[in-house]
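Asker: The structure that follows is given in the form of structure tokens.
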Amino acid sequence: MSASPRIGVLGAGGRMGRILIQAVQQAGYQLAAAVERPESSLVGSDAGELAGIGHIGVKISGSLVEVLKDCDVVIDFTAPVATEQHLKLCGDAGVAMVIGTTGFSEQQKQLLNETAHQTPVVYAANYSVGVNVTIKLLELASKVFGDSVDIEIIEAHHRHKVDAPSGTALMMGEAIAETLGRDLKQDAVYCREGHTGPRERQSIGFQTIRGGDIVGEHTAMFIGEGERVEITHKATNRMNFAAGAVRAAAWVVGREARKYDMKDVLGFNDIQV
């Protein structure tokens, strides 16, 4: 981990971008750059004032190319199309990336994997330490219950979220499926309507709720005969996501070029369940 990584925040004017700026400052690291779309009216504004923490002397830039030389790592919580361009630029420049964007196409996922051969990339659907502890608990529960229970995942988010199910819900499903030796693409059931017939034991169901200002809630249900185990994570604000992403940014600087996730950042791969 770099002692004082130079961190760039992409999508700095967005809700998550502003919180990331706060998190970088709270962690005592250097905010080297804050980037927005070239046409944004925020270009030229002070990043600290935008984030509500006062003047810090870092201006919002409209060009990632111009500021990459000042960064050891960038944090990207933007949109798939934007991240696609950022991957190409950071790969060519050899600048590490921490990516929290969700909703990628298969082609965009392939580009991410290719970029990780050029520069280190941390990619996770959720950077909350609590969520990643939850994933570890799901792996343990899956090992214990095996195929003896029905598994359902319920997720809830604010009304503005555009992808469903959430990346975190899919991450939970993938962790469960992998532990059970299943293929989530084959076993996932994303909606039920009409006469569906009896539930197939191998299926992993997903239910989505959208409304209000829910930051993020995820519950995995292991449903047996006569008992049910529920493992739940609830986020009450976004700082936990931002703090985890900043932790990942500090960790990834200087690592070899490959794709990492929060299991690597938190050392979970060394913990057996």
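Residue numbering: from 1, along the chain as shown.
Using the three backbone atoms N, Cα and C, a Cβ is placed for every residue, glycine included.
Straight out of Swiss-Prot:
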type: ACT_SITE; residues: H157; note: active site, proton donor/acceptor
type: ACT_SITE; residues: K161; note: active site, proton donor
type: BINDING; residues: G11, A12, G13, G14, R15, M16, E36, G100, T101, T102, A124, A125, N126, Y127; note: NAD(+) binding site
type: BINDING; residues: R37; note: NADP(+) binding site
type: BINDING; residues: H158, G167, T168; note: (S)-2,3,4,5-tetrahydrodipicolinate binding site
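Give me the lay of the land around each of these features.
Answerer: For H157 (active site, proton donor/acceptor), the number of other Cβ atoms no farther than 10 Å from its own Cβ, over all displayed protein chains, is 25.
The Cβ of K161 (active site, proton donor) has 16 other Cβ atoms within 10 Å, all protein chains considered.
Reduced to three states, the DSSP call for G11 (NAD(+) binding site) is coil. Cβ neighbour count for G11 (NAD(+) binding site) (all protein chains, 10 Å cutoff from its Cβ): 25.
Taking a C-beta cut-off of under 8 Å and a sequence gap of six or more, R37 (NADP(+) binding site) has these contacts in its own chain: G62, A82.
Counting only same-chain residues six or more apart in sequence, the Cβ atoms lying under 8 angstroms from the Cβ of T168 ((S)-2,3,4,5-tetrahydrodipicolinate binding site) belong to A125, N126, V131, E155, G216, H218. For the recorded site, T168 ((S)-2,3,4,5-tetrahydrodipicolinate binding site), the DSSP three-state label reads helix.
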Asker: For a quick check of packing: other C-beta atoms within 10 Å of the C-beta of H158 ((S)-2,3,4,5-tetrahydrodipicolinate binding site), how many?
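Answerer: If we count other Cβ atoms within 10 Å of H158 ((S)-2,3,4,5-tetrahydrodipicolinate binding site), we arrive at 13.
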Asker: What is the separation, in Å, between the Cα atoms of E36 (NAD(+) binding site) and K161 (active site, proton donor)?
Answerer: 20
Asker: Please report the number of other Cβ atoms within 10 Å of the Cβ of G167 ((S)-2,3,4,5-tetrahydrodipicolinate binding site).
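Answerer: Neighbour count, Cβ to Cβ under the 10 Å cut-off: 17.
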Asker: For G11 (NAD(+) binding site), identify the closest of the recorded positions H157, H158, K161, judging by Cα separation.
Answerer: K161
Asker: Rounded to the nearest Å, what's the C-alpha distance separating K161 (active site, proton donor) and T101 (NAD(+) binding site)? Just drop the number here, would you?
Answerer: 12
